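These come from Swiss-Prot:
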- CYS298, CYS301, CYS344, GLU351: [4Fe-4S] cluster binding site (BINDING)
Amino acid sequence: MNTLQRRKTHQVRIDHITVGSEAPVVIQSMTNTDTADAKATALQIKELSDAGSEMVRITVNSPEAASKVAEIRRRLDDMGYATPLIGDFHFNGERLLAEFPECGKALSKYRINPGNVGKGVKGDEKFAFMIRTAAENDKAVRIGVNWGSLDQSLAKRMMDANLASSAPKPPEEVTKEALIVSALESAEKAVLLGLPEDKIILSCKVSAVQDLIQVYRELGSRCAYPLHLGLTEAGMGSKGIVASTAALSVLLQEGIGDTIRISLTPEPGSPRTQEVVVGQEILQTMGLRSFTPMVTACPGCGRTTSTVFQELAQDVQNYLRQKMSIWRTLYPGVESLNVAVMGCVVNGPGESKLADIGISLPGTGETPVAPVYVDGERKITLKGDNIATEFLAIVEEYVKTNYGENGSKRNQNKIIPIQSL
């Protein structure tokens, strides 16, 4: 098995979660409720946490929102959820933290955008107040720079210097450098203001895949801070998923990235939890972490003119996800389970043998039977109208036997070993 080389960084503690170096890449999400509605926000955080989000960011943009943060924390604690809350501050964060000190205490991390804290001396004072508040409350800070809200005074200074140079760079290259400089200079200021280096996480978000890869490669080479990855706006549907996967997979494979968020634009009627599931699937398909049993299924072809195997694959995936809230506690290691649902004799038996448990359904013109393979061996053949029910029962029994208290696969974790550079 290959060993993935991760950047060696400071390790940042955010409540019970460790971020950086050999620590697992952490999945983050963000609510879209009105934070002033404490009940709705707490319930959505619960939903995101149930889906697998390990930290959740909430908007703190008004006195009404700030006044409810402590209540949101209490509601989550009462429900048994220790999910760390990240306060997303823009424009007026210092005022809200000053007026509502319990807000700052209830949060586990502050997100500060240097581009919209303020200009000149006044902006420096606002930034300083927020950093000192974080230090006093022993909270972590993500200094998050965005392409769309870059500090314009810094950008102008760097553009002017570029024009005056003997070999000026294209403006877009200067803008990328300004993103990095903004993050690094802000982190340096934060340390001088008393925030320890192991309380700082950086991000430099843009919307284009190649730009994100370039910026993070450079940022990662110039600091030892953990990095939060994500496109500023990935977009809707398959475009958003593909863009996020393309960008983050390259960086993660190079050992860059310690927390991730998939910033999908929700489609009408789609669950907010989709961004969490996509993040999990990126990490799991790369072999970096395991969250839920994965289903391998063939794409179908002229040999599989029926939809039986597709329906069974979907049923199995849904069943596994629904069971994980219980299985995660009862059967440690079950998240590494691999199930194959194949549609014909061409690759069906082979893929089924390679999975922990697999079924090869008959293709067009094949004998209407479905052999089931367990740990590489053919164990039983199913046929008739109850194949789905019978196969799920076999999966259930396999999980109990192999991941139960005395199971041989209990606590096993099939992930790529991690080393720090």
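Backbone N, Cα and C define each Cβ position, glycine as well.
Keep in mind that what you see is a predicted model, and the values were worked out from it rather than measured.
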Chain-mates of CYS298, CYS301, CYS344, GLU351 with C-beta within 8 Å of site centroid, [4Fe-4S] cluster: PRO299, GLY300, ARG303, THR304, PHE309, MET342, GLY343, VAL346, ASN347, GLY348, GLY363
CYS344 ([4Fe-4S] cluster binding site), number of other Cβ atoms within 10 Å: 21
Most Cβ neighbours inside 10 Å, all chains, among the binding-site residues CYS298, CYS301: CYS298
GLU351 ([4Fe-4S] cluster binding site), number of other Cβ atoms within 10 Å: 19
